[in-house]
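Colleague: Checked TrEMBL, it gives:
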- 100-188: domain 'Ig-like' (DOMAIN)
- 381-472: domain 'Ig-like' (DOMAIN)
- 477-573: domain 'Fibronectin type-III' (DOMAIN)
- 578-674: domain 'Fibronectin type-III' (DOMAIN)
- 679-777: domain 'Fibronectin type-III' (DOMAIN)
- 781-875: domain 'Fibronectin type-III' (DOMAIN)
- 983-1081: domain 'Fibronectin type-III' (DOMAIN)
- 1086-1183: domain 'Fibronectin type-III' (DOMAIN)
- 1253-1350: domain 'Fibronectin type-III' (DOMAIN)
- 1477-1573: domain 'Fibronectin type-III' (DOMAIN)
- 1577-1672: domain 'Fibronectin type-III' (DOMAIN)
- 1675-1773: domain 'Fibronectin type-III' (DOMAIN)
- 1781-1805: transmembrane segment (TRANSMEM)
- 1848-1871: region 'Disordered' (REGION)
- 1970-1990: region 'Disordered' (REGION)
- 1981-1990: compositional bias 'Polar residues' (COMPBIAS)
Amino acid sequence: MGGESDLSRIRLKIEKGEDRGEIALGGETAQLEEASGNKNQCDLFIQEGARLGRTPAEVVSTCDITFACVSDPKAAKDENTTWWTTGTGAGASSSTILAPVIVIPPVNTSVVAGSNEALLECVANGRPTEKLSIAWKRNGVKLSSGVSSFGRRLAIANPTSADIGMYVCEAQLRESAAEPERAKAFLSILEPPYFTAEPESRIVAEVEKTVDILCQAMGVPLPTLVWYKDSVPIHKLSNPRYKALVNGSLQIQQLQPDDSGIFQCVAKNEVGEVLSYTFLDVTNIAPTFIWPPADATVTEGMTAVLRCEVSGAPKPAIAWKRGRQTLASGSVRIPRFILLESGGLQITPVFLQDAGNYTCCAVNSEGDLNASAALTVWNRTSIIRPPEDNTVIKGTTATLRCEAAHDPRISIRYVWKKDNVVINPSSSSRIAIETDGTLILSQTWSGDIGDYTCEVTSFGGNDSRVARLEVIELPHPPQNLLATLNSSFSRSVILSWVRPFDGNSPVLRYIVELSENNSPWKVHLSDIDPKMTSITVSGLTPARTYQFRVCAVNQVGKGQYSRETSRLMLPEEPPSAPPKNIVASGRTNQSIMVQWQPPPESEHNGVLHGYILRYRLAGLPGEYQYKNITSAEINYCLIQDLIIWTQYEIQVASYNGAGLGSFSRAVAEYTLQGVPTAPPQNVQAEAVNSTTIRFLWNPPPQQFINGINQGYKLLAWPIDSPDAVTVVTITPDFHGVHSGYITSLKKFTAYYTSILCFTTPGDGPRSPPLLLKTHEDKPGAVGHLSFTEILDTSLKVSWQEPVEKNGIVTGYQISWEVYGRNESRLTRTLANTTLEDKITGLSSLTTYTIEVAAMTAKGTGAVTSSTISSGVPPELPGVPSNLVISNISPRSATLQFRPGYDGKTSISKWIVEGQVGVIGEEEEWVTLCEVEKESDAQSLEIPNLTPYTYYRFRMRQVNIVGQSPLSQPSRIIQTLQAPPDVAPGSMTVRTASETSLWVRWVPLPDTQYNGNPESVGYRIKYWRADVPSAVLIKVIGDRLEREHTIEDLQEWTEYELQIQAFNAIGAGPWSEVVRGCTRESVPSAPPENVSAEAVSSTQILLTWAAVPEPEQNGLILGYKVLFRAKDTESKLSSQVVRGNHTLSILLAGLRKYVIYQIQVLAFTRIGDGVPSSPPVVERTKDDGYQIAYRLASSSPNKFTTVEVGSTVRQFMATDLLPESAYIFRASAKTRQGWGEPLEATVITTEKRERPEPARELRVPQSEVTSRSLQLHWRPGSDGSSPIRYFTVQIKELPDGDWQTYSSSISHEATSCLIDRLNPFTSYKLRLKATNDIGDSDFGAETEAATTLQDVPGEAPNSVSVTPHTTSSVLVQWQPPKAESLNGLLLGYRIYYRELEYESSGPESKTIKTPSALRTELTPQSSFKTVNSSSVLTTYELTQLKKYKRYEVVVTAYNIVGESPASTPVEVFVGEAAPAMPPQNIQMNALSASQLEVTWEPPPLDSQNGNIQGYKVYYLEADSQNETEKVKVLFLPETSIRLKNLTSYTRYLVRISAFNAAGDGPKSSPSQGRTHQAAPSAPSFLTFSEITCSTLNVSWGEPAAANGILQGYRVIYEPLSPVQGVSKVVTVDIKGNWQHWLKIRDLTKGITYLFRVQARTITYGPELQANVTAGPAEGSPGPPQHVVVSKTASSLTLYWTEGVSGNAPTTGYVIETRPSDEGLWDLFAKDIPRSATSYSVGLDKLKQGVSYEFRVVAVNGFGYGEPSPPSVAVSAQLESPFYEEWWFLLVIALCILIFLLLLVFTLLLYSQAKKYKNCNMGKNVSHTEESVTLDNGGFTALELNSRHLNVKNTFSKKNGTRSPPRPSPGGLHYSDEDICNKYNGVVLTESVALSEKPLDASESEATDSDYEDELPKHSFVNHYMSDPTYYNSWKRQQKGTKHPAPYRYEECMAGEAEPYFQTVITTQSSGGVYTPTGQAPPGSRTPVTGFSSFV
């Protein structure tokens, strides 16, 4: 074979013709050169005789290997073989490293035993080839002999069975640390067959026997056995009695004589065969006794056996007889008598009457045989009253009874033993044995504790029983109690104590009591394991102090408590619970209000500081937005600036000083919806008939609905009445084209139609209106039938067109006949334009019936008729009178009356109206009855009245012309009481819980109470329907109650119920019987008689009895067995037994010799019942262990063996050799034998160290499951000491601690299964090794490994199902806990099914028993599934059947599967509260105390059933804390009058509808305001600044305005006449802002009565008070020496102090008045007491006016007596008069005055007669004055109270002439008596003055009466000096008559005043008077009260 020297790659070349082939070999390319010239096709490659492959690509080589190319594989060694060789050129690279690869592994090989050689081959490839080595190993030991060809071959010479085994080929590069490549092959030795068991040479057997011919053989492979009979194969004989057994033997049954012969057994395999045979001989023998019968004596109740063994062939037939009766044979069987296989007779049990002789008879074909025996029976001796275990308290007497029954023919003996030691009664006086066997022990003590055995011995049998006696006492208190804080868990405390003396009775438990924050002691832990002396007390609350004490409890009772611990304070922690009851509600479309309650106080863990609220878009992973509420008192937050109609999820957490607590579960809430912005599409409308229109449409585009589509409104309105819109609401249908109808429309009317879509916030836009007309129909009745031109033989009939034409009127039909004579009827048809007709040919004074009807194309309409007498024109009837009520009963009353005038025609009927219930002028009158008049009766009965109701009646009478006026109302009556007429309606029963039923009904409306409402109530009676039972009654006293829950019922039981209403008179009828069934529940009791028995070391048999029937509470679906090892923290295991018939289970796979606690519970479909208690305790069996050891170098069978007990777990071997290897074995033993041994090698040496940790830890992902993973590793060095075990620790990421998973992993293991992991959780693992020296360090951790997902471990919780509509329910739930999801939650599945046992609708099925209910439950397969998103916890199940009960369960699921199902929840479908509130709420004020509210029902599709009534909620809109009032209407009325309301108050009204399922939502608030009414009295009345003639009066607003305050009225008058005159002054003030008035006309020292009223639409009640004018008692005297000095620019007033009075003078005030009779007015005040002068500038006074001044002193008692007035001083600035501007004005005024006087003279002359009758005498007169003031400015009213004697002349004073003056006592102001200008000012309101002199005569007046008259113009100055009066005087009404008014006219020119301001005088800072207002520039301000005349 040649090769190129520079060859860098070796190629395999295969040539055929011109083709060449190359293949790569082991990472390089080998080149094959052909050794011969054969060019044939290579079909197979052979290397040194071994097959390699059919193509070059299948051939792989190392180096220098010769290959053969075979054209025909069958001739691999002939001349067709083409040989190929490979080689490596000299230039081949030797530096290339190629890992070893075994390309031809050894194959399993078999050789025949005795062969010379067995050959195994192994071909490997690797680079460099010179370092490639191949080695062979067997059982880990390297083989050297027989290896050749560089290790490729292994030859085993003369192989034997010892060479059988696995051989390993290892290929490895020398000096390489890489793991060698390995391949395995098994060598087996073939052996020819040989017999291990052969048949006997001769076999003798009897006829009809069964014989087994033994034949067994071995060999490799295992030989097959073939049987022959007489050289014929058995299978060819086809004899069914011949049967080849599994072990190779031949069995022949029922032997027959022809079965005799030679039987051959042949064993063969592929190596060879062997043969063996036997001769079978079948014989016959006569019967012979082997064991004849013998006499026997037995005890009654035992088993008697009479032996009778007989031999013979064929087998003899045996029969037993007693006398002539055959007791047992092959054909006779009598109970208790059993023929045994051996031929004997067994009698079980034996009775006394069985004593006697018995004969055994045997017979076969060869002969017969018999023998007899006698049976004697004794009565059995037995203990019939055995001793019982007894426990007594120390010092008491113990009695152990033992009573036996025995045969009287024998005697018995009692023997008592204690702990197997015979008790001698004579040895102690405390011990006595009674003759009946009773043992008595007195003064018991601890030495008497033990097992007592009572033994009874006799010839009739022995019996014994054992009982245990315990002597016990109370345990002592635990000692050294110590409490310490738990550092690992802050909410717990570690308690430790020293175990006390147990009182000779094991401590059953310890009790721990605690005191929290010095509170009373309470039990915290009541069942602490008695083995424990320390415990962690958890469940404590942070930031609280605790004390503890402990006591022990044994069988006697509870011992004393230990001393309490010192008090411990737990540290503060963040709140451990989130806020509760989180409620979110959308307030607007961009805000949500969130409210919550604090966490439970026990979860605060400190002092709360506030809350953190976070929110984000629901279902999206966006970031949270946070709000911090920094006060723990605030439990709400308004979240604003949100997105419209978007769902948010909101969470709240509380925080304290330790940090933030957990967030609450997310609450999802939407911002409010919008209204649709597009109308429905493709709207079509057509008239179906005369009153119905049909609509077709498509919904608006979804994106324009802007919320949840609540439905559609169909609209129709007449063309001429666009406001009269008919609305029909349609529920949305999400499939196809929508349709709907509007009915009850007007006939033959043109309508516009439209449709709109609406959401909860409101309606969307209407579709374009379509015009259509309803169909034509028959017309209505004609209107206003009347008669005119009534003559003897004719009359004219007139009518009006029908209001409801319902089409085109084609004409009218008129008919008439003599009253009561149909045969005289005449009919006439008229044109449609004719509205009157003259009927002729009548008979005079005859009554006729006349009928008129309109006609259309559809026919004649309704007839209008009347009667009329010819010749007498009718008139309206008169009013009935004299209404009298009598014969009052609960339901009727008799009305007597006097009929009114009949209007010259017959009265057709009486109409009686009444006020019902509430009587008042504002109450409406309703028509109670209409009685057709049949006679001239003067009374009628008013029927159908409501019992116990107030009525007032009135009536009218009707004739052809019309109705009479209404009569006067009758007196008010009240009907009598009566029992209710009807039962409450719509009674329904629903399941509320396992023990309760929910009953609902429609309460009686108040109109059906028939009695005092306070006495109205309801009774519910109920009883069991399945069995006879007592009838129970529930009484509900609230008349408005609509539902009641009946508690304390039996679970899963059917009841029948009825309801009735009652009042004080009696009870109404019972309702129809309805049925209801309580819900299935969990069993309330555990299974009974639970027992356990260990049957092996790993199995316990558990049995129990069923749950008692009354406690099952449902269908028992199965049982659950709960068990775990006692006194361990192991997880509770469970096994489920399906079905309720299996009452046992075999618990397998348990641990050996371990005590288990076992409980059993039953379960129904609702859940698990109560587990059995106390738990059954049982220990598995274990018989011990065997330890064996030997030197490793010694014989394998030479072990030193030691057996130890079952409780031993350690063994120490001694006397071992040092520095030696030992092999130890340990085996466990049970009843079944020894188990497999566990072996370990031990080296006894001192030269050892700790092992190294394992290396290369890894977790293959392919071996990871949801709850387990496989950990692999490579062991490290063992430290010259065998590794005993490995310890695995595991850590849960991210924050878990390292936990030890197992410390008992085998030392031989290189992998370990880690289970009990949590799904979908990341873990890290680490490993350490342990030898006899110690532990290694932990090795490197693994990479994080994540377990796979698993099905969720918990079901969704808090599942609730509530009706949503009549065909849908709302399912709500809480997600499972996060730790139980076991993966990524994908969603939820809702399973629901229909339950058949609930009655459906009115056709109720009768169910007799609860068992019938069980049979009607539909199977699980009928559940339907609905998937729900993982983010949703609410889902609506729709399209359910009405009046059906459904069962709903919810599961969570992930990608792996589903969680367990939640507890089933039942719901009744068919009833749901209305989904929408009433619509179109209108409010109308009827009066000041009544509002009328009207509304429309909710849309039909949202009513969810029949509306049973409405609730009207109302409250005052402006009240802050008023509770909302409610009115309930139990009838579907759509209006109500709200009465007894507050006047002029805005009310908010909301209305909800309700049906049988509950209340619907409330409507949005609607507002309405009551009318105004009179206000209440002012709130207060006070007086200030009281002087001798003036004061200020002030008042407060009324507490109840009852409207808009228009002003006030102030009335005052002296309590006694002043100078003979008592005047009443009335001042009306417009506007509400002014609450005071200045009064200036008081008389010194007079007491006045003031009354004030407020006014809205009218005046309210008065508030009055008295006040006396000054000076006050104790006030100062008048100042003295008042002097006024004048300079060029000012006036100065001087005075001296007067008498100070009863208190020091505190200051002064100054009053002033014009010298021409002005009223005194306050000019300056608050002048200091030290001042004796006061200056004022002349420019502050009115020019040209003279003033008088006086000074008043003030002290603590008030204003004093004024000083005498000063001399009059002119306010004129000093300058020549001819330089003044007013000089010319005075000249002009004089001329004007002269002209006015002339005019006055003429006027007075013309009215002289009015003054001729003046009273001339003096009398006390009473006058009234009235003034009206508006609120244009502050008002000061100055009125003098003077004694005036009026004289019909003018008098002169000071050379001037005064006009005639009216008496001020009776003044009324009118603008008719004063000219429109006064003083140059335009008057906006004029004044009227009038006077009422009382009892005055003209003869009493004299000229001297005017001697004290004030100066001229005093009257004008009085009323005109204050310009504010101009606008306040009210015009007197025209036509008002006044007694003798005095009139005058006087016009004067004066200085114009361009503005008017308030007139209250104040003291400025400079001490000068200034008015409140400011005058315009350039003007001069007149001083208040000063005249502006010159």
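Cβ coordinates are placed from backbone N, Cα and C, and glycine is handled just like the others.
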Colleague: Using DSSP, how many residues in the domain 'Fibronectin type-III' (1577-1672) fall into helix, strand and coil?
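Modeller: So the domain 'Fibronectin type-III' (1577-1672) is made up of 0 helix, 50 strand, 46 coil.
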Colleague: Can you see whether the domain 'Fibronectin type-III' (983-1081) and the domain 'Fibronectin type-III' (1477-1573) are touching - at least 3 CB pairs under 8 angstroms, only pairs 6 or more apart in sequence?
Modeller: yes
Colleague: List the helix, strand and coil residue totals of the domain 'Ig-like' (381-472) as derived from DSSP.
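Modeller: Final tally across the stretch: 6 helix, 46 strand, 40 coil.
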Colleague: Please give the average pLDDT for the domain 'Ig-like' (100-188) in this predicted model.
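Modeller: Computed over the domain 'Ig-like' (100-188), the mean pLDDT is 88 on the 0 to 100 scale.
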Colleague: Report the DSSP secondary-structure composition of the domain 'Fibronectin type-III' (477-573) as helix, strand and coil residue counts.
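Modeller: The composition, in the requested order, is 0 helix, 44 strand, 53 coil.
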Colleague: Using DSSP, what's the helix, strand and coil tally for the domain 'Fibronectin type-III' (1477-1573)?
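Modeller: When I sort the residues of the domain 'Fibronectin type-III' (1477-1573) into the three classes, I find 3 helix, 46 strand, 48 coil.
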Colleague: Have the domain 'Fibronectin type-III' (1477-1573) and the domain 'Fibronectin type-III' (679-777) got at least three CB pairs under 8 Å, pairs 6 or more apart in sequence?
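Modeller: Taking Cβ pairs at least 6 residues apart, the domain 'Fibronectin type-III' (679-777) and the domain 'Fibronectin type-III' (1477-1573) are in contact, with 3 or more under 8 Å.
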Colleague: With DSSP as the reference, give the number of residues of the domain 'Fibronectin type-III' (781-875) in helix, strand and coil.
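Modeller: Going by DSSP assignments, the domain 'Fibronectin type-III' (781-875) contains 3 helix, 48 strand, 44 coil.
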Colleague: Using DSSP, what's the helix, strand and coil tally for the domain 'Fibronectin type-III' (1253-1350)?
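Modeller: The composition, in the requested order, is 3 helix, 43 strand, 52 coil.
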